[in-house]
Amino acid sequence: MAMVDEPLYPIAVLIDELKNDDIQLRLNSIRRLSTIARALGEERTRKELIPFLSENNDDDDEVLLAMAEELGVFIPYVGGVEHAHVLLPPLETLCTVEETCVRDKAVESLCRIGSQMRESDLVDWFVPLVKRLAAGEWFTARVSACGLFHIAYSSAPEMLKAELRSIYSQLCQDDMPMVRRSAATNLGKFAATVESAYLKSDIMSIFDDLTQDDQDSVRLLAVEGCAALGKLLEPQDCVAHILPVIVNFSQDKSWRVRYMVANQLYELCEAVGPEPTRTDLVPAYVRLLRDNEAEVRIAAAGKVTKFCRILSPELSIQHILPCVKELSSDSSQHVRSALASVIMGMAPVLGKDATIEHLLPIFLSLLKDEFPDVRLNIISKLDQVNQVIGIDLLSQSLLPAIVELAEDRHWRVRLAIIEYIPLLASQLGIGFFDDKLGALCMQWLQDKVYSIRDAAANNLKRLAEEFGPEWAMQHIIPQVLDMTTSPHYLYRMTILRSISLLAPVMGSEITCSKLLPVVVTATKDRVPNIKFNVAKVLQSLIPIVDNSVVEKTIRPSLVELAEDPDVDVRFYANQALQSIDNVMMSG
């Protein structure tokens, strides 16, 4: 019945559902608002539905959040852009609720509607709404207002614009830190709509107030504003207004503010130009790299390559490298880890000679770090250094580290190193690989942890793709086949998995002559788990080998398995037989 009545869903039923005690029913009816609006038609939606929603004082945040989201896309259902203003009252109410995510969604929907409204309507309806919220008694309204100024400002006449700028300035000095935080967060968006004449006067004085706020949570949001404002101002104004602020922030008493500076600093270099970067920002960055708070050093270390890209190699070697050296033996393993994840990127920036002279010793000390993440981060970015200094220099120092990681007692470390083996193989070349890493790859197939054995099987496939079937025939297949008689059934399962992955790479001929006989032999295994995996592997080999082989070898083996006492073995054997029949029919 519901299907028939859907288009004519009466508003009375909606009202009942929205007042129902069951939250799920209330949520469903809110999510169906667009259907209801279509059934009511544009005029009744404006006159009945929207006023009802404005009065609906549901106390459940989930329902309010859904309503805030739905109303954002409601313009077509109220008669288009000329009637968009009717959607503002319910959203204005939602902007004042206590739950932050509801307010944020209501502000987002208001911005979406405001950006489509006609200029005259913005002045008549949207700007007064912003002013009401900004003067709201509760801080929640004032917090929401900050996010709407950038929509209201551009279409307002001159007098109103001045008023909006002064209201925003008051919000930045509000008694409640939450309001000041919101004003600091939205300053960049608002500044982007303000004319450049007022940018330097009004906006910069607002910005100065925020940067001197006594709450560190406000100051750290002002740091984000630095980058946004830096992009809007001319370089010379940027140097005059933003640079001193950043330099002060980099010495702020709150580590959270310094942390934000460390994250944002390289963006500001672009805004202020090369000269001030050298004289003011490099010393500030060096201070952050040597900060007494580990979190700040982590953020600064993570940006070291980006920062060096902006500077000349000479400056990097002179100022940044000494700090990098210190960080490589930092007392915090997380700082060393952050450094290890980006330091490789410095090689192309510094060039071959500087890399060999300055960076290589740092790489080597990080490769010997007792914390596995640090060593892994270095190995995972190897290709960047390899391009600069060549593999010979690297390989001598790399091997001990790789071998150590390959046998690390943490299985996640062993897993991560397996992931990098194909990359290392392509960088190091066949000869080096065979000598040093080949044995490791086989050793992993018999690891105690399943994830490692599975990754090791995948690794063999990727190596076969990298070095080609002939190489695999010599170096992988014999060793894999030797393991098929392993006394432990879990290791025999890994071998089956390896065979199913290698077969497509090796091609039909090798599969038939070398791999298939091993799988067929395994049908006689005494462990049911092995047998039903054999059935799966045989099914995966069907598309690889010729039909004659399927009929002569694979089908008889599967028929035998289909009569096994174990139900799972029978199931998978029959599934494989079914797939043979499908192939034959389509062929």
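The backbone N, Cα and C atoms fix where each Cβ goes, and this holds for glycine too.
TrEMBL annotations: computationally assigned, not manually curated.
TrEMBL annotations:
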REPEAT    10-48  repeat 'HEAT'
REPEAT    164-202  repeat 'HEAT'
REPEAT    203-241  repeat 'HEAT'
REPEAT    242-280  repeat 'HEAT'
REPEAT    281-319  repeat 'HEAT'
REPEAT    320-358  repeat 'HEAT'
REPEAT    359-397  repeat 'HEAT'
REPEAT    398-436  repeat 'HEAT'
REPEAT    437-475  repeat 'HEAT'
REPEAT    476-514  repeat 'HEAT'
REPEAT    515-553  repeat 'HEAT'
REPEAT    554-587  repeat 'HEAT'
Residues of the parent chain within Cβ reach of the repeat 'HEAT' (10-48), under 8 Å, 6 or more residues beyond its termini: 56, 58, 60, 62-63, 66-67, 70-71, 73-74, 77-79, 83, 86
Per-region confidence, the repeat 'HEAT' (242-280) (mean pLDDT, whole number): 74
Helix, strand and coil counts within the repeat 'HEAT' (515-553) (DSSP): 29 helix, 0 strand, 10 coil
